[in-house]
Amino acid sequence: MIKMFSLKQNCWFIRKVVIWRAVASIAWSVLLLPVTSAVFVLLSRFSLFHPIQWISECTSLLTASSTIFSLVVLCGVVLITGLFNLEFYTLVPSIPCSRMALLGTVLHPRQCVHSLVYCTMGMLVMWCASVTIGGRYSTLGIPCRQSESGEVVTCLNEYHLFLLLAGAFMGYSHSFLGVVQNMYYVSFQPIQQYKYPRFKGCLPMVLKCSVIQSLYSARNFAALYFFFGYVPKTWISSTLHLQIDSSLQPLDSLTGLLDFSLLYHLSISGTFLYFTWYLTVLLFRIYVTEAYSFPVQSTFTEDAEQCLPKVLAETNTLVMKFLALQDLALLSQHSLSRRLEVFSLSQPGGHPHNWNAISRECMSLLSELTQRLLAHQDAVASNGRVKSQSASIDTRSASSSSSGTEDVAETPRLSVPLRTPGSVFTSSVGGVHSALTAPFTPDVDSPFSSPAIRRLVGQQEPRSPWFGTVQSPHIMRRGPKLWSASTDSQSNGSPPASPATVPSPPAANQKPSFLAQWLQNRREQVKSFLAKRVLIVYLFNKLPEASSQALFADSQAHIWALQGLSHLVAASFSEDQFGVVQTTLPSILSCLVVLLEAVDRHFKLPHASSKPVRTVCSMGDSTYKTLRFALRAALKTAIYKITTTFGEHLNAVNISTEHRKRLQQFLEFKE
């Protein structure tokens with residue numbers, strides 16, 4: 001899981017902004033605890049036929065020392081929950097592409113520690129709830145009289161034990177669903193709202209999710225306790241030397257579980273537990289995703305790192321980069337004064353440093369996504385089989401400027417072997433290697449992966465003739481179907497770059513030894529044997545939409561880059577006094593068209609265009625499942641924004657013929 005931030009990062013934004021936002025969310029969660037606790041007390045002591053007595057008991061209970069101590073314990077639980085939110089939350093969700101990968105995430109040692117802590121916190125919350133309810137739930141040991149001797153001894157209170165074990169079960173369920181439903185994923189709202197209206201609008205949803213999850217957990221725990229409840233009951237009674245009262249109906253029986261009062265208190269206690277945790281999660285999301293305004297330029301040198309052009313190039317603090325892209329999208333639409341700062345020239349020198357840095361970073365993000373999509377398309381054919389012959393990606397960065405300004409550095413043309421998701425998507429930030437990339441990796445270690453797949457992802461056998469070389473000796477330039485000729489060579493009058501010369505692979509001088517051949521044959525036999533086992537196939541087969549979702553898991557950043565870039569280009573038609581945008585307009589248009597063609601090709605793959613199934617109400621954010629559709633819509637909107645603004649003036653822009661034909665379709669509103 002990619003962490004959104006780390007407390008060890010020495011970054012001004014983490015120290016001055018993120019930490020204080022997290023502290024504010026925890027503080028509000030603690031301040032809301034007395035309100036939620038009071039509501040829980042009213043519901044736990046509810047009496048329809050004795051309303052006067054009900055109100056008086058609740059009033060006295062709210063001021064009791066046991067309630068105050070329970071509030072202190074609950075404050076500690078909320079504090080630990082807030083710290084876990086701060087440590088585990090991520091802006092790019094972790095999407096396992098197979099059930100085996102999901103199982104590995106659940107059984108990871110760090111996740112096991114997380115589950116253990118939440119089990120403990122669940123028991124603490126349920127202990128506070130049982131003390132608040134009182135009566136038969138108050139203590140673990142109760143006095144009872146033995147039937148043989150009539151002696152008064154201390155017996156195990158199974159009702160109290162039942163609630164404690166239910167709290168541990170709900171704590172583990174919360175931790176488990178945090179992985180399965182990506183509850184630690186923080187998404188940004190498409191429509192900006194102030195904190196209070198957003199909190200008020202989300203509160204009914206949080207309450208609904210708490211009730212539904214509590215009912216599901218109560219049902220599952222009751223079934224689990226029915227079959228295995230005697231195990232913890234016997235172990236705790238023997239460990240604490242507590243007798244079992246045989247005169248009472250045991251709860252691990254059908255008669256004992258069909259107790260309306262028990263199920264009611266279990267449900268409202270579970271709702272209180274989930275609501276406390278979900279409220280902390282909601283407040284954390286609201287505070288962390290609040291918009292932040294970065295200055296476009298600064299008068300003082302020491303504040304230069306806090307300016308928007310510098311922040312956009314940040315590679316370590318992901319939350320700051322996302323908020324900077326969000327700020328760019330907002331200023332491009334709603335702030336005239338800040339747009340003029342983007343279009344301004346430096347003094348002295350008269351260079352458009354702000355625009356060059358912003359446009360370069362946006363086009364770098366979009367070009368990285370284009371290369372990622374092409375790598376995936378080259379690795380997987382439309383019918384799910386691997387192509388027999390790999391083609392090289394002869395990419396040309398659309399962020400290169402046709403002008404000679406010193407700030408816009410041309411991205412060199414690359415004639416490189418095929419980059420597959422295994423080599424692209426696990427790289428770090430910077431150019432193609434971006435930490436915003438989705439955690440997609442093909443199942444090269446699967447028992448069903450063929451040698452062709454391993455060659456595509458760069459895992460050749462040591463004795464393979466392709467080991468240490470490119471995947472194919474026939475490196476061919478991609479046709480104009482997707483990668484059209486660039487305009488830079490045409491404008492400069494230079495001939496297009498020829499494909500790189502690739503040396504032929506050396507012939508194998510030695511045959512593999514008998515032992516190596518025998519091991520290879522045995523490995524293939526084991527693979528074929530495992531491929532016939534239903535359970536193995538079920539665990540290792542790819543989930544239908546996981547690959548497509550993982551490719552676009554970080555596309556919120558690309559959506560903001562598209563919005564900011566397109567609105568700035570459209571605004572430059574009337575606001576750019578110095579013509580700084582005109583120098584990069586051909587590169588921007590080429591970058592957008594190439595990305596659109598790559599996205600269109602991706603949506604022709606299986607499961608890429610299928611809508612995700614709607615899930616039951618949960619706090620897990622599932623917006624990442626539809627990011628690919630949002631990106632495609634934002635991309636077409638961005639191109640329409642530019643074409644409708646410039647109109648026929650685009651005919652004077654120096655771009656390739658293929659790109660001009662595609663833009664003409666937008667001018668005629670045929671897309």
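Quick reminder: no glycine exception, Cβ is built from N, Cα and C everywhere.
Curation does not apply to TrEMBL; its annotations are automatic.
Small disclaimer: the values here were computed from a predicted structure and weren't measured.
Summarising the annotation, TrEMBL assigns compositional bias 'Low complexity' to 388-403. The compositional bias 'Polar residues' annotation in TrEMBL covers 484-493. The compositional bias 'Pro residues' feature in TrEMBL is assigned to 496-506. Marked as region 'Disordered' by TrEMBL: 385-419, 480-508. The transmembrane segment annotation in TrEMBL covers 61-84, 116-139, 159-184, 205-228, 262-284.
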- Stretch among 61-84, 116-139, 159-184, 262-284 sharing the most Cβ pairs under 8 Å with the transmembrane segment (205-228): 262-284
- Query: At an 8 Å Cβ cut-off, counting only pairs 6 or more apart in sequence, do the transmembrane segment (61-84) and the transmembrane segment (262-284) clear the bar of 3 or more pairs?
  - Reply: yes
- For the transmembrane segment (262-284), sequence-distant contacts whose Cβ falls under 8 Å of one of its Cβ atoms, 6 or more beyond its ends: 22, 25-26, 28-29, 32-33, 36-37, 40, 43-44, 74, 77-78, 81-82, 85-86, 89, 122, 125-126, 129-130, 133, 137, 159, 162-163, 166-167, 170-171, 174, 183, 199, 202-203, 206-207, 209-211, 213-215, 217-218, 221-222, 251, 619
